[in-house]
Amino acid sequence: MAAKTERTFIAIKPDSVQRGLMGEIIKRFEQKGFRLVFIKVASEDLLKQHYIDLKDRPFYPGLVKYMSSGPVAAMVWEGLNVVKTGRVMLGETNPADSKPGTIRGDFCIEVGRNIIHGSDSVESANKEISLWFKPEELVSYKSCAQDWIYE
Ligand SMILES: Nc1ncnc2c1ncn2[C@@H]1O[C@H](COP(=O)(O)OP(=O)(O)OP(=O)(O)O)[C@@H](O)[C@H]1O
Ligand SMILES: [Mg+2]
């Protein structure tokens, strides 16, 4: 299992922090068997940089305003295929296309208030994790459940 273990960057966006959904979202990743490596609730000027690839899109100014409107809970989660599986757990970018049972499918309605971010590839995960965290912030530990979650 160790060889394919990945880390992903998940951000609980300001709307879900304000709506009290942090616990529910963390619970889903925890119950799945993924391991929380770091979490900070922060209101930082990293958001413009985080979404820099979207800077030419018409919704970019609104997106930066939305993401800067309150604290986000920035997290790193670790586990086998956590990047891809994490995106499945989030649902589609537009909540209207997200199936019930996914986080966006269950808790939000509009694309501009889609409550959570998850890295879309291992490459973006690495880039986003190094943007948001210092290496020494990311703890390494073996969960006591590991041998019951992985063969
Ligand atoms: N048409 C739109 N109108 C308003 N906001 C949008 C629109 N498209 C995307 N966004 C916002 O920009 C974010 C980033 O868009 P992106 O295409 O990267 O989708 P994503 O990878 O599913 O979302 P995220 O990067 O937040 O996980 C979306 O999550 C959403 O908050
Ligand atoms: Mg994205």
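Backbone N, Cα and C atoms are what each Cβ position is placed from, and that goes for glycine too.
Between the candidates ARG35, ARG87, TrEMBL assigns the ATP site shared with LYS13, PHE59, THR93, ARG104, ASN114 to ARG87.
A C-beta separation below 8 Å, combined with a sequence spacing of at least six in one chain, links ASN114 (ATP binding site) to LYS13, THR93, ASN94, PRO95, ARG104, CYS108.
For the pair ARG87 (ATP binding site) and HIS117 (active site, pros-phosphohistidine intermediate), the C-alpha distance works out to 9 angstrom.
With a cut-off of under 6 Å between the Cβ and any atom of ligand 1, the recorded positions PHE59, ARG87, THR93, ARG104, ASN114, HIS117 reduce to PHE59, THR93, ASN114, HIS117. Cβ contacts within 10 Å of ARG87 (ATP binding site), excluding its own Cβ and spanning all protein chains shown: 18. Comparing PHE59 (ATP binding site) with HIS117 (active site, pros-phosphohistidine intermediate), their Cα atoms are 16 Å apart once rounded.
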